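A.B. asks: What Swiss-Prot shows for this protein is this:
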{"type": "MOD_RES", "residues": "2", "note": "N-acetylalanine"}
{"type": "DOMAIN", "residues": "4-135", "note": "domain 'Galectin'"}
{"type": "MOD_RES", "residues": "13", "note": "N6-acetyllysine"}
{"type": "MOD_RES", "residues": "29", "note": "N6-acetyllysine"}
{"type": "MOD_RES", "residues": "30", "note": "phosphoserine"}
{"type": "BINDING", "residues": "45, 46, 47, 48, 49, 53, 62, 69, 70, 71, 72", "note": "beta-D-galactoside binding site"}
{"type": "MOD_RES", "residues": "108", "note": "N6-acetyllysine"}
{"type": "MOD_RES", "residues": "108", "note": "N6-succinyllysine"}
{"type": "MOD_RES", "residues": "128", "note": "N6-acetyllysine"}
């Protein structure tokens, strides 16, 4: 999957929120947001799939520790529409990441890497980032 934006040295601390707004492609199959220490150490791989890898209208989350993927977690809540502008807010603490979807629904994903700061963000797939904000 082609990578769009890559940012490093973010220094996002526990309790702070990363707000990502972007446009989902009209013919979207999937997109992703990766957060962590670097490309091989991700506390969150956030992958909404419209129709990809055998999943339809499902959010797949995972982590990557020293290049090794963990166990996938699937969310059936799927407020994304092709051709729409969406906003996702992600915050974290020592135990969990909290992902707030465009419709206000929130779910948690374990902070398996126990990161104390998030320094890396990448985005890819059928998603064009319009705005990244820290709160």
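Yeah, the Cβs are placed from backbone N, Cα and C, and that goes for glycine too.
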A.B. asks: What is the pLDDT of the domain 'Galectin' (4-135) when averaged and given as a whole number?
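C.D. replies: Value for the domain 'Galectin' (4-135), mean pLDDT as a whole number: 96.
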A.B. asks: Pop the Cα-Cα gap between residue 49 (beta-D-galactoside binding site) and residue 29 (N6-acetyllysine) into the table, whole Å please.
C.D. replies: 6
A.B. asks: Which of the modified residues listed here (13, 108, 128) have a Cα atom within 10 Å of the Cα of residue 49 (beta-D-galactoside binding site)?
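C.D. replies: Of 13, 108, 128, within range: none.
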A.B. asks: Let me know the largest Cα to Cα distance in Å among the beta-D-galactoside-binding residues 45, 46, 47, 48, 49, 53, 62, 69, 70, 71, 72, as an integer.
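C.D. replies: Greatest Cα-Cα span of the listed binding residues: 18 Å.
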A.B. asks: So what sits near residue 13 (N6-acetyllysine) in its own chain, CB-to-CB under 8 Å and at least six residues off in sequence?
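C.D. replies: Result: 116, 117.
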A.B. asks: Within 10 Å of the residue listed as 'phosphoserine' (Cα to Cα), which of the recorded positions 47, 70, 108 do you find?
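C.D. replies: If one measures from the Cα of the residue listed as 'phosphoserine', the recorded positions that come within 10 Å are 47.
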A.B. asks: Near residue 62 (beta-D-galactoside binding site), which residues of its chain come within a Cβ-Cβ distance under 8 Å, counting only those 6 or more away in sequence?
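C.D. replies: For residue 62 (beta-D-galactoside binding site), the qualifying residues are 42, 45, 47, 69, 70, 71, 72, 73.
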A.B. asks: For residue 108 (N6-acetyllysine), what residues in its own chain, 6 or more apart in sequence, show a Cβ-Cβ distance under 8 Å?
C.D. replies: 96, 97, 98, 99
